[in-house]
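Here the structure comes first, spelled out in structure tokens, and everything after it is commentary.
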Amino acid sequence: CVQPSVPPVPNYKLSMSIPEWLQAIQTYMKMLQYNHTGTQFFEIRKTRPLSGLMETAKEMTRESLPIKCLEAVILGIYLTNGQPSVERFPISFKTHFSGNYFHHVVLGIYCNGRYGSLGMSRRSDLMDKPLTYRTLSDLIFEFEDSYKKYLHSVKKVKIGLYVPHEPHSFQPIEWKQLVLNVSKMMRTEVRKELEKFARDMRMKILKPSSAHSLTKERPRGKSLSPRRRQGSPQRRSYRRDKS
């Protein structure tokens, strides 16, 4: 029998464990294959709202064309939406090899106290990692060790925030909340930074840097509300001048 050219999009079944479900998603991505053509089939603008990127992910499932690392991250988010126990966040690497710099991104996964990843790469050990790592730093060091096999030295690691499970969100993905210049740091130092960040992420106390101004405004408005009557004319004119 002839194999269909369009792989079926995986569906979550209640009988599946989360690791099985992640494995099904990764298998699907591998069936789409890595894009070696040099032409990117889908335009991914990192600053777009999540809702727009999810539309692109839908298109990927319809077109079934080969994908690269960035598309795999967007597709991974799309396919894991609606699984609130699965937290997703981008992990980016900047590496150096033979006089050139290379950029790569995977989708970090956190679930039930364990870390792993989904993704696509030319190299099988630079994409998905099983959901078995006890800490975020264990996962990052695993990638760093994999890179060493190809004589790539990791220069920078960027970690983004958890991506909301709301597919219609107008919020963009926060790609680099934490940036570590790992080539200039000791592993103990890197571990300390990553663990502090991971703890803050789990406690959901980090806010996207792009939303800082908004989040700061709101509480300030609340605390000033009792006194607003007094100072409102001044504040209004001040704001007008500012704009």
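Just so you know, glycine gets a Cβ as well, placed from its N, Cα and C.
Annotated in TrEMBL:
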ACT_SITE  Cys69  active site
ACT_SITE  His104  active site
ACT_SITE  Ser121  active site
COMPBIAS  221-243  compositional bias 'Basic residues'
REGION    205-243  region 'Disordered'
* Structure fact -> Going by C-beta under 8 A and a gap of 6 or more residues, the same-chain neighbours of Cys69 (active site) are His104, Val105, Val106, Gly119, Met120, Ser121, Met127
* Asked: When you measure from the Cβ of Ser121 (active site), how many other Cβ atoms are you left with inside 10 Å?
  -> 17
